[in-house]
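Below you'll find the structure, written out as structure tokens, and then a few comments.
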Amino acid sequence: MKVEPKIREFICTTAHPEGCREHVKRQIACVKREKIIHEGERVPKKVLVIGASTGYGLASRITAGFGCGAATLGIMFEKPSNGKRTATPGWYNTAAYEEEARKEGLYAKTINGDAFSREVKEKTIALIKEDWGKADMVIYSLAAPRRTDTEGNTWVSSLKTTGEPFTEKSLDLRNNTIAEKTVEPATAEELEGTKKVMGGEDWLDWIKALKEADALAEQALTVAYSYIGPKLTYPIYYDGTIGQAKRHLEHTAEVIAEEFPSVQARISVNKALVTQASAAIPIVPLYFAILYRVMKEQGNHEGCIEQMVRLFKEKLLKETPPVDEKGRIRMDDWELEEDIQNRVWEIWNQVTTENVEQISDIRGYWEDFYQMFGFGFENIDYEKDVEIQVSIPSIK
Ligand code: NAI
């Protein structure tokens with residue numbers, strides 16, 4: 001069938017299988033152009049990626065697989081096609097990843113299910129024990145709207161402030177206009193829910209479960225991804241519900257280090273990028289569009305794959321990676337450079353519906369957005385019928 005984008009505000013309800021494959025292939029090509037591993041550094045060989053199908057997790061999987069030659073086991077929560085609706089992009093990405101990996105003799109298996117559940121943890125551990133013995137790296141890259149914990153309580157994540165209501169300019173994604181948006185403060189329950197979903201509790205559960213089952217190698221490395229961003233978005237991000245959850249996640253790295261001294265737990269604070277998770281945050285998409293413009297002008301704009309390549313190549317695999325005063329790896333270093341932020345702020349103050357196309361990179365925002373769903377690649381013929389039922393080799 002012919003597949004077209006169907007966009008509803010910050011989500012596209014269709015995905016193009018060939019386009020998603022193209023997206024994955026381009027990321028693989030990007031990794032292959034780089035020399036990721038260097039003599040004397042750790043080389044991950046058996047990598048578990050939790051949240052492996054889109055965004056930063058997919059880029060991490062590609063960098064580990066094609067940059068380090070690692071076997072990868074990916075955990076994701078995606079929907080296959082039912083013959084009428086397309087699959088979710090993460091499904092097609094993963095099918096493409098596994099096929100490309102296999103061509104190069106790289107082990108790649110995937111478990112599709114709820115990473116928060118005990119069942120998926122048990123299934124993962126059983127597979128690790130059977131196929132690898134132990135994993136030597138665990139990448140935690142989940143972004144989820146809700147979590148049912150192992151006791152059966154369901155928690156919902158919110159994107160709200162924690163103090164006063166916050167009103168700022170915002171990009172209305174339905175018609176590319178600029179209007180003010182007010183984000184309301186969260187209730188205590190909403191704040192707690194966000195911490196339960198996006199904080200570090202489940203990361204710790206994974207490490208505990210893997211350790212208890214003796215499925216983690218000595219000196220295994222684990223990394224989770226955080227975000228801080230500029231002062232401009234503090235009320236909605238860093239000081240908002242999600243920021244509180246990220247502080248919990250960051251603190252969990254210390255908890256893991258205390259409880260499991262043989263595990264190296266790291267936080268990488270990544271750059272703001274359009275992904276399915278981040279497009280849903282109010283006010284932030286306008287910041288993306290302006291940031292993209294400024295960083296592209298400066299020549300230091302990166303996408304998920306360039307971020308992950310630089311993370312692995314220059315920081316994560318070093319014996320003592322460069323970290324900030326709180327022990328975090330900073331991949332947002334270029335985003336937060338003073339010159340970049342001053343310019344962003346200047347544009348932010350000027351931006352209106354009339355000039356948003358000229359003074360921000362709204363085109364770049366939408367290009368990334370469409371590409372996440374496999375659309376907008378010039379070498380894909382979108383007029384052609386495509387098979388939407390695509391199988392993932394390791395999922396029977
Ligand atoms: P994303 O939406 O592209 O990826 C989320 C991944 O989690 C997907 O693979 C999805 O299948 C998986 N997932 C969601 N719920 C699941 C569940 N219940 N069970 C199993 N898998 C599940 O998100 P993105 O942006 O790549 O986020 C990954 C991490 O990076 C998050 O912690 C996010 O906060 C962080 N981050 C993102 C930034 C951004 O600007 N996009 C910036 C800095 C950090």
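Glycine too: its Cβ is placed from the backbone N, Cα and C atoms.
Taken from TrEMBL, the feature active site, proton donor applies to Y237. Per TrEMBL, the feature NAD(+) binding site maps to 51-56, 77-78, 114-115, 142-143, K246, 273-275. Sequence annotations record features per position, and here TrEMBL assigns substrate binding site to Y227. As annotated by TrEMBL, domain 'Trans-2-enoyl-CoA reductase-like NAD(P)H binding' applies to 3-82. Taken from TrEMBL, the feature domain 'Trans-2-enoyl-CoA reductase catalytic' covers 85-316. The domain 'Enoyl reductase FAD binding' annotation in TrEMBL covers 323-386. The site 'Plays an important role in discriminating NADH against NADPH' annotation in TrEMBL covers E78.
Annotated features taken from TrEMBL, shown on the structure.
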residue : record                    : DSSP (3 states)
G51     : NAD(+) binding site       : coil
F77     : NAD(+) binding site       : coil
D114    : NAD(+) binding site       : coil
Y227    : substrate binding site    : coil
Y237    : active site, proton donor : coil
K246    : NAD(+) binding site       : helix
V274    : NAD(+) binding site       : coil
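Rounded to a whole value, the Cα-Cα separation of L142 (NAD(+) binding site) and E78 (site 'Plays an important role in discriminating NADH against NADPH') is 12 Å. Checked against ligand 1, the recorded positions S53, E78, Y237, V274 give S53, E78 as the ones with a Cβ under 6 Å from it, listed in sequence order. Look at the domain 'Enoyl reductase FAD binding' (323-386): DSSP puts its residues at 28 helix, 2 strand, 34 coil.
The binding-site residues considered are G51, G55; of these, G55 has the fewest other C-beta atoms within 10 angstroms of its C-beta.
Least packed by the Cβ count within 10 Å, out of the binding-site residues L142, V274, is L142. Here the domain 'Trans-2-enoyl-CoA reductase catalytic' (85-316) has a mean pLDDT of 96 out of 100. The domain 'Trans-2-enoyl-CoA reductase-like NAD(P)H binding' (3-82): residue composition by secondary structure is 30 helix, 15 strand, 35 coil, according to DSSP. Using CA atoms as reference points, the recorded positions S53, G55, Y237, K246 were checked against E78 (site 'Plays an important role in discriminating NADH against NADPH'), and the closest is S53. Calculated from their C-alpha atoms, the gap between Y237 (active site, proton donor) and K246 (NAD(+) binding site) amounts to 10 Å. For S53 (NAD(+) binding site), the same-chain residues that are 6 or more apart in sequence and have a Cβ closer than 8 Å to its Cβ are G74, M76, E78, P89, G90, W91, N93, T94, T110. Y237 (active site, proton donor): 25 other CB atoms within 10 A of its CB, across all protein chains.
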